[in-house]
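In Swiss-Prot this protein carries:
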ACT_SITE  76  active site, charge relay system
ACT_SITE  168  active site, charge relay system
ACT_SITE  192  active site, acyl-ester intermediate
């Protein structure tokens, strides 16, 4: 049951094949069994069981709230959850109990979803590995998969070479990949949903900016932050998006126009579409395996009758630097609220002045990565630097936006790109580089989309020669999220990404792949 799609489980609940309480207990048991992944910061067992009980009553009365009623979900720990600790994986917010739910959380709960817990992340979502939070790093479930152990000859008991999940929403990606929930919320500022989705073999969707409310998402970069969605298939993403999308009076950046339900065709058709391949994304650092899969994917579209053309995004080479300036500048502004007076941790050290209290509180509350980004942002915002850095970066951002406008205006429907440079790497290799360097490397294909406010989705396509997931990214026009997901659904059906084989789960029957074996895929190595 845990290996089924959200829609399939919803159907099973409606037909009485399983109850919400039984399903909830299965997921809670699996969360405990996979605790070594460190995917969750808080497991809300009592809350989830109570919600399951209420869902069960509705099913018995024939009053199901919809496809999400009784479905276990998880939420990244930078979304406010009423009465449930929300920490952003930081000492600054340890013990913080929000008095309200983020809008996206409330919309899930209003549809009967079961909140299994809050997932791990990089501190304040600043990172690309989910390794820098105060609660420790998240481990990629594929580290313990049969596919990886066999192809890389890793000892099942050897834990020194475990793989990162990507970040910053690595806990949500791991939670979905390990079957502890059927969907999870992440956040995406420069790729924080798509990056871990690629490394963990899940669908990771970033909606158009303004389609989904940010109210209750503890801000990192207000002009780029978007709630993201993790699921194990594109249809499930569409179901969740249909619940989350729409105007929110508490978030003035959300669209006012009514949003139609996100319904994808059962048999998607991409013939006649124009698929763009950005030539600037063919960088030397891109692994040969991903490069090959990218080319094969383009061939699949062409074989189906789509027109595949090379396109130019000329300002791509400036995007990482531009993103860094704008990101850290907004970080410095947003983090200023954590001062020991209004929000978060307050230093217990006896201080002689307010300034000293600020300094001690922030020294104790933030890790070095967060402090480093605050320092960078404050530098760019200094009066003598403002024009040369921040204002120029805003102008470059406009040029990057115009690049996408020109490409989509020329008749291109969707862009096809890599999501990451490489497959997931071992933790010991990842930490050889500092957080700033790693983030610049890992955001290379993803952050420009955030600056342009476009929808994008990672689709897992194949396993590498080492048995690890590789994903590709599809980018759509602004507010053409449904078209993008339709194309993604077609692509997903073509590649037939294999089911992860976690031996611990196979042994006790918690998860059995269809027909007891993996599905063969169209993209091979």
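Glycine residues also receive a Cβ, built from the backbone N, Cα and C atoms like all the rest.
Under the three-state DSSP scheme, residue 76 (active site, charge relay system) falls in the strand class.
Sequence-distant neighbours of residue 76 (active site, charge relay system) (same chain, 6+ apart, CB under 8 A from its CB) are 118, 119, 121, 125, 169, 171, 172, 184, 185, 186, 187. Taking CA atoms as the reference points, residue 168 (active site, charge relay system) and residue 192 (active site, acyl-ester intermediate) are 5 Å apart. Taking Cβ-Cβ distances under 8 Å and a sequence separation of 6 or more, the neighbours of the residue listed as 'active site, acyl-ester intermediate' in its chain are 125, 128, 167, 168, 169, 186, 228. Cβ contacts within 10 Å of residue 168 (active site, charge relay system), excluding its own Cβ and spanning all protein chains shown: 38. Secondary structure at residue 192 (active site, acyl-ester intermediate), as computed by DSSP, is coil.
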